[in-house]
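Here is the structure we will look at.
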């Protein structure tokens, strides 16, 4: 009789059962044995002999558990760490070199690279608290660590010293979760001191995003002037207006005026003072005690005030914006009837987001951004039930994905143009039925109020509007009789309009924007054809020159600037409502078609602001 190859008897292996049904197809006589304690497998080899494999899955855990028991009972230990930290009592910890070396590259180098500690039974350790070392030794044996939240910084510092990366990451993740306006600067400084790059970056990003709240905390007032200058020089500070940065600096100086008044000039040069409004500067020059006592700083701000009010070209500083995506928003539009869509295009990945609809469908509206909020102004609701011109002003908050109504304009305005100066929205021209407006009104968001300002010299609907050097430009349009190539400029200090050089081409419904201190007018309708030509106005030479034409003819298009390039969206080519989006690169003077809208449309309101909160979008799209 052939002997049974399987073991028998009362031993542990008698608990194995052959599981032939689990053998993979083509495995021949392979047999899998399984138990609750281990996994074993027999497989054929290339030479016809079978191979037996066995794995005890929790062996490592069990082995380290036994080694930890040996450590606690001080058996088979081959090193004693004698830990001394400042005035704390010294402590001794017995351990196994191999376990310490497996957990920490520092211990590994200490015990294997021929250093003097390699042959020592007692090793002196300084610079780390005994309680911290105790927790790190426990982690080496148990892969588990526990501490009070007040001890996290100390443990993380020790883990960095001994290069125990897993503990460093765990502590870093915990501290990121604890970031708060009151502790973010302290955590950032700590991370920089110990060289934890990721935690330092996350803490700095938190400071930039919550700048307003951080500047009210004690840690902010303990910054050095160099640290403060570095902070306020960031492009990605999340502030609604530059006055927040100005006030933060003045308050920092007032905290210790005697010692800090010497730094005011350096701070003001880091503040983007040309982004402050003349009214704000005038008030500070009159009332700020810090400026009153420093003639150099006062003269510096007086010069900026004069440059702003005289509308002199200045060096263009990047707009401050948090490091979140900035998207191109399109509101409303027309395709067979007015639309209520709000969508956002991300040029970085080519995706579109569908967001909260306008409360009332509108086309011929205009879009703009103030303080990160998107405003939809005027337009008309063309519907099967009739056409209604709109005086509405609605505000969209990307953080809540919600619209809220604001005070309406004094009159409805369809095919309107808008621009923003000093945080105020200017609504220009447009029509109400057969009335073509030359009137202009200004909206103050802080007061939720509209006020009429000086009317344009010419009635204009389908007017393109842009702002450059705090001057409001109205370009082209239709006066009720003729399409226009004329353009005019509004001076807010004088409350008056002046004509400027006319365009080379008649354009109604053109897209108008500002890029690199020039005004661009793209497309439009000349009374006979939709246009693809584009021209640029140089305010220094007061001349219009043609640049490369768009690939498609289009009027009633949307236009905006994103990261130094012009984007035109949709419009009407005389036959079709376009869904194409083109991008202009001023460096190469070329247009390229970059994407398509989700559907063709004309008369959209377009503007650029921060990416919406995905959490709010997901919650509002949830149908559960």
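Cβ atoms here come from the backbone N, Cα and C positions, even for glycine.
On a predicted model such as this, the values are computed, not experimentally measured, just so you know.
The S-(2-succinyl)cysteine annotation in Swiss-Prot covers 38, 151, 241, 288, 319, 613. Taken from Swiss-Prot, the feature S-(2,3-dicarboxypropyl)cysteine covers 151, 257, 273, 288, and the record attributes it to similarity to another entry. Taken from Swiss-Prot, the feature S-nitrosocysteine applies to 151. Summarising the annotation, Swiss-Prot assigns site 'Sensor for electrophilic agents' to 151, 257, 273, 288, 434 and lists similarity to another entry as the type of evidence. Positions annotated as domain 'BACK' by Swiss-Prot: 184-286. The repeat 'Kelch 1' annotation in Swiss-Prot covers 327-372. Positions annotated as repeat 'Kelch 2' by Swiss-Prot: 373-423. Annotated repeat 'Kelch 3' per Swiss-Prot: 424-470, in sequence order. Positions annotated as S-cGMP-cysteine by Swiss-Prot: 434. Residues or ranges marked as repeat 'Kelch 6' in Swiss-Prot: 565-611.
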Other CB atoms within 10 A, centred on residue 241 (S-(2-succinyl)cysteine):
16
In sequence order, which same-chain residues at least six apart have a C-beta under 8 angstroms from residue 613 (S-(2-succinyl)cysteine)?
398, 399, 400, 401
Considering every residue in the repeat 'Kelch 1' (327-372), what is the mean pLDDT value?
97
Counting other Cβ atoms within 10 Å of each residue's Cβ, which of the modified residues 151, 257 comes out lowest?
257
Just to verify: the residue among 288, 319 with the fewest other Cβ atoms within 10 Å, which of the modified residues is it?
319
Around the C-beta of residue 273 (S-(2,3-dicarboxypropyl)cysteine), how many further C-beta atoms are within 10 angstroms, looking at every protein chain?
23
Under DSSP, is residue 613 (S-(2-succinyl)cysteine) part of a helix or a strand, or is it coil?
coil
Taking only the Cα atoms, work out how far the residue listed as 'S-cGMP-cysteine' lies from residue 319 (S-(2-succinyl)cysteine), in Å, as a whole number.
40
Across all chains shown, how many C-beta atoms besides its own are within 10 angstroms of the C-beta of residue 434 (S-cGMP-cysteine)?
6
Spatial separation of residue 257 (S-(2,3-dicarboxypropyl)cysteine) from residue 288 (S-(2,3-dicarboxypropyl)cysteine) - C-alpha basis, Å:
13
I'd like to confirm something. Which of the modified residues, 241, 273, 319, has a Cα closest to the Cα of residue 257 (S-(2,3-dicarboxypropyl)cysteine)?
273
Please report how many Å separate the Cα atom of residue 319 (S-(2-succinyl)cysteine) from that of residue 151 (S-(2,3-dicarboxypropyl)cysteine), as a whole number.
41
Using C-alpha atoms only, work out the spacing between residue 273 (S-(2,3-dicarboxypropyl)cysteine) and residue 241 (S-(2-succinyl)cysteine) and round it to an integer in Å.
11
Cα distance (Å, whole number) from residue 151 (S-(2,3-dicarboxypropyl)cysteine) to residue 241 (S-(2-succinyl)cysteine):
39
